[in-house]
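Some notes on the structure that comes next.
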Amino acid sequence: MMMSLTRRNFMKLVAAMGASAFLSAYKGDIVRAVEAKKDYWHICWLNGAACTGCTVSFAQASNPDLVQILTEIIVGTSGLPIALPDYMETIHPASGTLAEKLKERWKAGEKGKRILVVEGAVQKPGYCVVAGKDFREHVREAAEVADAIVAVGQCATFGGIPAANPNPTGAMGLSEFLREEGIAKPVINLPLCPVNGEHVVIILSAVIMGAKIDLDEHGRPKALFGTNMHDELCPYRPLYDRGVFIEEPGNGDGCRFKIGCKGPVAFTDCPSRRWNGKTSYCVEAGAPCIACSEPGWPDKFSPFYAELPSIPSFLGLNPTTLGAGIFGATAVGIGVHAVRRKLRGEKDEQDSY
Ligand code: SF4
Ligand code: SF4
């Protein structure tokens, strides 16, 4: 018999079942629980340095899908759906001055509690200006009044591609920016490139329901990012153990380790939730996992198609000062499990939301 969904067991069930199975099994309960809430949470979704892929991914959440989110799941007596942002540049019909007024009204908080969602990295002053005001100002003002803050995607969480070496615009993730600004509020980090739409739906629902969200030391919900992909979730693990590998990218019957899979150092539920209506995910599509769930991506995990033990950053070496011969010799004998242990040693419990 299925356990009934409560605020207390919400994230425990997510962790136990995986994001996709949880949403499929408990969609009706989520709808009822959210509908029973008295307060409508107002969402302001800001876009910084990014490709807008996270918005697209959110729009492709499959169960519930965006149409259901926007039309069927109504919060309390508000008449408003769960995730209809008061402000979201890419989907709301308003533009120009009218759109900015929506943002100002959200900040004024006349109507209720507020969730700030940030997509994209924050850069040095002058690189991202919206309506004549620096993105940094928009983020600072919104974060100061928000009751909950969610960073979606690798760029907003840890800086992502905009922050890659040599990072000419000084891009950084939201948590780092808020720390620099002296805004001491917890940020729920939902990395991946792009964010998974189902993760967004689950976390927005959890915030609205008042569920406790345990975070790891990188601000990621443990229920979604607390599992090592290679150890516990990957369907190719039996092949890894038997030493059956594919030698080049593509669909083949073999573990992807030799084409550079970073699954051994990636903490994420990608194999169980997959993408596009559970069709597939990176590894299943014949590519290596490139660990976009992790801080330090992409630099720390490059080159993407190199085997883990030969990646300089994991050996504590600087690739630019090493000759290939020295590097190859240094790498000999260092196994993937040692690399993973090193990473795991840095992974401790932290605060909860
Ligand atoms: S190396 Fe990658 S493909 Fe192979 S078992 Fe681990 S996670 Fe799966
Ligand atoms: S499988 Fe790896 S590369 Fe693909 S989305 Fe998940 S963490 Fe990122």
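Every residue gets a Cβ built from N, Cα and C, even glycine.
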Record-annotated [4Fe-4S] cluster 2 site (TrEMBL): member among Cys255, Cys292 besides His230, Cys234, Cys261: Cys255
Same-site [4Fe-4S] cluster 1 binder from Cys44, Cys155, given that TrEMBL records Cys51, Cys54, Cys193: Cys155
Closest of Cys51, Cys193, His230, Cys255, Cys261 to Cys292 ([3Fe-4S] cluster binding site), Cα positions, binding-site residues only: Cys193
Where the C-beta lies under 6 angstroms from ligand 1, the matching binding-site residues among Cys51, His230, Cys234, Cys255, Cys261, Cys270: His230, Cys234, Cys255, Cys261
Beyond the site residues Cys51, Cys54, Cys155, Cys193: chain residues whose C-beta lies within 8 Å of the centroid, for [4Fe-4S] cluster 1: Ala50, Thr52, Gly53, Glu119, Gly120, Gly153, Gln154, Ala156, Gly160, Ile161, Pro194, Val195
Entries of Cys255, Cys261, Cys270, Cys289, Cys292 (binding-site residues) sitting next to ligand 2, with Cβ under 6 Å as the cut-off: Cys270, Cys289, Cys292
